[in-house]
């Protein structure tokens, strides 16, 4: 499901169908979503939010960013027929890291639809904060899967936000660089990407050097903060807060997308940072403090019990609710042995970032790049294109239609699209289409991508 908050009017999307990846050794465990939802439920946090059944993204929705051939392949391939797709498996990088499993396309449809739904509801001011812990799959590329990510729900939801928002800020605190999102928006100033991540020693995905700053119209609108092993709460905070404050002051975003990958926690199965759950949550709380419309997504995280703890705690922060350190009893209680607490001591690594020498150098380099920014790039006003999700009601709604009644807990009345304007620096190409093209690719960041269209 997606979560949305009520105080700050928060919405929560809960993706209920959680598949199992083949092989006990695969580090991605979608079951972490079940643990997270169970804790949110048993802490009573659901009472403070609007809980939504996620919209299922269609092939058309996914092709806003991804190629038709790739999405068509994801829809057709299964463990039973994958032997007939040998060439496609190689072409689209589906295999060991990104395996085929039962219900693959269904799962992609649900987590992508939940993020898209949250973006649409933020656009229409139905909520101030939308949460989708199943989303945040930031490695997926236009033509291929990557790093356990198949469909890039982040890019798709940002494209939806750009229909109404002149500037969207993307912040990524996953330990892995948000390469798929950076690549998608590398040439535009409409989206600023900021990623804090481990860099060096061939750490996946190998991108995210501080000198990757964007190109053409997007030059200096891509900000990377490369870090070393073992960074702790204090060092991370001393870097994260001043950098994000400067970015918000300079860029003046009208909406923020925050990817909360929990693999930056101490003792993560694949991570090497040393953040506590409170330290990770400090980042979420700081971003929330700007009181800018916020889409909160999940991401990495491979020690399942700590991922659930982290995202539950951050749900409480977004709701301004204090919750007990003693975990409530639930059907997954034994997963949290032996301490059964929300905040275990899982910070054991040595901080080799050597504050202030290394981190001060990083901070100064980042601030130098920020000085090159134009303050809040302006955009022209255009008609709003059709929403990916419709909130207009009919007397006899079609339950299979996007935004159907079964997906929502209350009725919504919105302004007619014809009377609504949006901002954009786009040029009109014919009567049927309004497009902005970005050329990016995996190696040279030169792949063609359509950012907008108008029916």
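Including glycine, each Cβ sits where the backbone N, Cα and C put it.
Whatever TrEMBL says is automated annotation, not expert-curated.
Annotated active site, proton acceptor per TrEMBL: 139, in sequence order. In the three-state DSSP classification, residue 139 (active site, proton acceptor) falls within coil.
TrEMBL lists 97, 147, 302 with the feature substrate binding site. Within 10 Å of the C-beta of residue 97 (substrate binding site) there are 16 other C-beta atoms, taking all protein chains into account.
Sequence-distant contacts of residue 176 (divalent metal cation binding site), defined as residues of its own chain at least six apart whose C-beta falls under 8 angstroms from its C-beta, comprise 138, 139, 147, 197, 198, 203, 204, 205, 261, 263, 300. Sequence annotations record features per position, and here TrEMBL assigns divalent metal cation binding site to 174, 176, 263.
Feature annotation from TrEMBL assigns compositional bias 'Basic and acidic residues' to 390-408.
Sequence annotations record features per position, and here TrEMBL assigns domain 'Histone deacetylase' to 26-316.
Residues or ranges marked as region 'Disordered' in TrEMBL: 390-434.
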Given the binding-site residues 263, 302, and counting only Cβ atoms in the protein chains shown, which has the most within 10 Å of its Cβ? 263
Using the alpha carbons only, what distance in Å do you get between residue 302 (substrate binding site) and residue 174 (divalent metal cation binding site) once rounded? 11
Around the C-beta of residue 139 (active site, proton acceptor), how many further C-beta atoms are within 10 angstroms, looking at every protein chain? 27
Between the two most distant Cα atoms of the substrate-binding residues 97, 147, 302, the distance in Å is 14
Mean of pLDDT values spanning the domain 'Histone deacetylase' (26-316): 95
Taking the Cβ of residue 147 (substrate binding site) as centre, how many other Cβ atoms lie within 10 Å? 21
Between residue 174 (divalent metal cation binding site) and residue 97 (substrate binding site), how far is it from one CA atom to the other, in Å? 18
